[in-house]
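**Q** What TrEMBL records for A:20-40, A:52-71, A:77-97, A:109-127, A:158-178, A:212-233, A:239-263, A:275-296 is transmembrane segment.
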Amino acid sequence: MFEGYSLAELGSIFAMQGFAGLILFSVFVLMALGLAIIFGQMGVINMAHGEFMILGAYVTYLCSNFISSTAPALFPAYFFIAMALAFLASGALGMLVEWAMIRFLYRRPLDTLLATWGLSLILQQIFRSVFGAREVGVVLPDWLMGSVAVTDTIEVPINGLFVMGLTIAITIVIYAVMFRSRWGQGVRAVMQNRVMAGAVGINTEKVDRYTFGLGCGIAGVAGSAFTMVGSTGPTSGQLYIVDTFLVVVFGGAQSLIGTIASAFTISQAQSTMEFFLSGSTAKVLTLLTVVVILMLRPQGLFVLKVRR
Amino acid sequence: MSSDKIDADKLTGGLPSPLRRKLLLGMAALPAIGLLPRGALAQALPTDAVNTTKLAVTDSTVKVGILHSTTGTMAISETGSVQAEKLAIAQINEMGGVLGRKIEVIQEDGASDWPTFAEKARKLLVEDKVAAVFGCWTSASRKAVLPVFEQYNGMLYYPTFYEGLEQSKNVIYTGQEATQQILAGLDWVTKEKGAKTFFLIGSDYIWPRTSNKIARKHIEMHGQKVVGEEYFPLGHTQFNSVINKIKLTKPDVIYASVVGGSNVAFYKQLKAAGIDLNKQTLMTISVTEDEMLGIGGENIAGAYACMKYFQSLKNPNNEKFVAAFKKMWGGESVIGDVTQAGYLGPWLWKLTAEKAKSFDIDKIAAASAGIEFTGAPEGYVRIHENHHLWSKTRVGRARTDGQFDVVFETADLIEPNPFPKGYQ
Amino acid sequence: MTRTPHSRLFGRLDGDIAGILLLAALLIVVLPLGLDIFRLNMVGKYLTYAFVALGLVLCWGSAGILSLGQGIFFGIGGYCMAMFLKLEASSPEATKIQSTPGIPDFMDWNQLKALPWFWEPFHSLTFATVAVVAVPALLAFIVGLAMFKRRVGGVYFAIITQAFAAILTILIVGQQGYTGGINGITDLRTLKGWDIRTDEAKLVLYFVNAALLIGCILLCLYVRRSKLGRILVALRDKEDRVRFSGYDVANFKIFVFCFAAALSAVGGAMFTLQVGFMSPSFVGIVPSIEMVIYCAVGGRLSLLGAVYGTLLVNWAKTMLSESFPELWLFAMGALFIGVVMVFPNGLAGLYQQFIAPRLGRLRPRTGGGAGAPIIPPHTAAD
């Protein structure tokens, strides 16, 4: 497969493949961060995570239509507006769901799994009824399309760079919020010992609600970003669920660093295998490897406390 | 149980999009469709003569079934087929129906679930005793209902282009089978673009695999080379690695048979990676106007698609068809190849029933070979003895507005060959 | 008072036996008389899902192991049976138009020239029947061994079973030459010469299915009421104490997981016989989660409830999808949420709360067993 190419060309190809791996890594991190916060910090399995992402995507679609018809001059910048709105929309819905449903189920993770699955079905049908069963196309501003030539032979897709930048930004924000702010302290306190946290005056209910909302909001931003690289339809959320869960569980559910490490491992493994083998084989092998490793080390890569 | 008479409000029921609820104002003004053998419309055929097998036929009505998914993942694709079939039935009823009887539709939802398709098919044939069923989209649904149709002796009109390798007395395949779709397109791209190397990429299931098998044989038979063949699971969304492989191998033609959600992701990522489809030739057999809605014209403009029908075809039949379709289902409607094939189904059935002077399935099956429909929006089709259609193949170039420019049309009709020797 | 194992086992059975007799009467007498063969065949199909729900009652309700991948075992059982039936339908005379007669049609289209080695044993009905139960049990054993010995449980286990379901689906769909791919294995005709597509055959299969189901209920009841069953309940509630008492918790979990797998597989095989085909659309994540809801609606602790729950949910699905297709998904979503939040013990719980006390005034009644005790099945350890 590599005959007939000069060393420089091969170098370029491997560099581009490295970028592809990094882009996949960013995608996984974006998908998984929201879920990791919810699962890791709150022990809640949100099977409707994909649908929160797609809500963000639909918000982006509406934004795109609205701005291109009412304020075309703003169009190049609309994407940022759309992402902010996606964050707010998904976050708000998340808080509503937490208030209506999740807060009764904190001690029952298996039940939250089923309940959020039901929620995902309802959301899918709402999308279908409101936006139609067909996929919708989101028009992207020109500066996001195409690729940039890093060197003569290495080209990197711009939206890939955008996603990477976005991921880094969000990760930094989450880190700052979780580990450097007072509120993040509260979140971690609630996670470690809910009763004592309440006893020292932290409003555990509010903390839970905002954390869930934050997790869903990030999902919304991820969905918004994914309109650049994927489809937007009522059932598109299902495409991401299994991968997201595996990334979170593999990383060790309570550790955000674990999530990032696991996203990196899985994405590199998958993109490398895809390059050398065929797509399906790579997918099956990646899933199998992850599952086998999980069976050998069920706590995941990084663990703060042993969970059964 | 919805036994729809063709009323204005009933016709739009059952379909998921609230944006398309337009009343049928112009039904009475529907233009005449091509030339039809009017002489055979014998109003005076008594029911005992035309229906000896106890189908749901009365002196003034005949029941048919529509079996598509209106919910689930396939609803995206099957909506168009339902709309086309209902349009055809409305037009036929306007003209007096079939053998003097108006068509009544019983619509069932397959729910994108194959056992449900089989179950509903059984219900339509056994309980409702319909004279014909227009339905299915995926091969899996067709495979699930085929034994039912053969066991209870029904007649299915199946609209999707598919992999071939099948033939049944109880099915009329109004979509192209693989060799019709593939070979002419490959020949054209070889001639027009001087293509020597091909990269085949598809979703991982029977249709792309079988199609690529045929494509590979044809390519290698003509001395060209397949430099890559990749398959990705249904629902896969990350194609950057294979796009890098494509860049590495620099094929003359990317030959794509990716379907579903992967389709959208693939073209968006292809464009993002800097592959300009106006410079890199890409030929696909899995993108119609319906898929373009999700992909976005700007992401796929410049690619070539091989289909037998494009909405932008310029002939009198098609212009009337598109106008009628938009009037019934909304001005923003797009009409893809499968939708048009769905439209053919009721018309072909009507013509066959008139030739056979009967609704009996055995007589319809026997009379099908040779039936010609000159009113087809794609121009002209004829049913072959193997129950597929003689039709032309066309190559269209995708535009940013979601339509295709037809750049090539085969001079003759292509014979359907579902069991191609030498390609298997 | 010392009780012999027998009297403890069968001493308090009048309530359970009454329930089972009622169900048997419904399935074997009332429904066949009241429904035409088309609808009865559909009920037969629902009953095959009930096998999966039964298994889940044991492994989830009693032992607290939520498996979101029961579709895997349902599918494997179904595929084993389908492979046997397909080979029978692919005799050389029946397939003489193929380029290689004697092999299934989908293999011919994929240019396979000979039967793959792992298909060969399925020429024998005995092997196929044994495989229906043995292969899924073996797979469950391997997965269970790896997971439970390492004390993986709860949520992690559930997600890993999902991953397995996804993997198996991708494998089956991709290897279309060996498995029929996304179309599945279709067009099954005869079982040892007996045509399974005729109405009489469907009637017979329905009764066989119902009888098997009743038999499995009795078997599950036996397991539940045995010492093993008590240990399962104990380890659901307080696993550590069971461990400290000297029991090897993992072995029990493995057993019940394999048992549930075998039950699901039997359901899959009966499904293939009654519906006439098997496809990967029953193996994946979505059908597996749906099977959990059947169990949950019935009341996850109640064996009879599992059957009623399955029948009710599937009947509602058919009814609603015929008349209001869009409403059905809302209804199903609401069902999931409702079952978790509003009536966690499902139908059986409602029965226990509202109907049983009234019946209790009619005759001395003892609860437990097939009916659900109103013990919340969730604890902090979940």
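Cβ atoms are placed via backbone N, Cα and C, with glycine included.
Curation does not apply to TrEMBL; its annotations are automatic.
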**Q** Of the stretches A:20-40, A:77-97, A:109-127, A:212-233, which racks up the most C-beta pairs under 8 Å with the transmembrane segment (A:158-178)?
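**A** Per the Cβ under 8 Å count, A:20-40.
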**Q** Tell me if the transmembrane segment (A:77-97) touches the transmembrane segment (A:20-40). I count contact as 3 or more CB pairs below 8 A, with pairs 6 or more residues apart.
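**A** Counting Cβ pairs under 8 Å (6 or more apart in sequence), the transmembrane segment (A:20-40) does not reach the transmembrane segment (A:77-97), since there are fewer than 3.
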**Q** By a Cβ-Cβ criterion of under 8 Å, what residues six or more beyond either terminus of the transmembrane segment (A:77-97) are in contact with it?
**A** 48, 52-53, 55-57, 59-60, 63-64, 67-68, 119, 140-141, 144, 166, 209-210, 212-221, 223-225
**Q** Below 8 angstroms Cβ to Cβ, which residues of this chain, lying six or more residues outside the transmembrane segment (A:275-296), approach it?
**A** 17, 20, 242, 246, 249-250, 266, 269
**Q** Sequence-remote contacts (6 or more beyond its ends) of the transmembrane segment (A:212-233), Cβ cut-off under 8 Å?
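**A** Beyond its ends, the transmembrane segment (A:212-233) has Cβ neighbours at 27, 30-31, 33-35, 37-38, 42, 44, 46, 49, 52-61, 79, 82-83, 86-95, 97-98, 102, 127, 133-138, 140, 144, 159, 162-163, 166, 170, 174, 177, 239.
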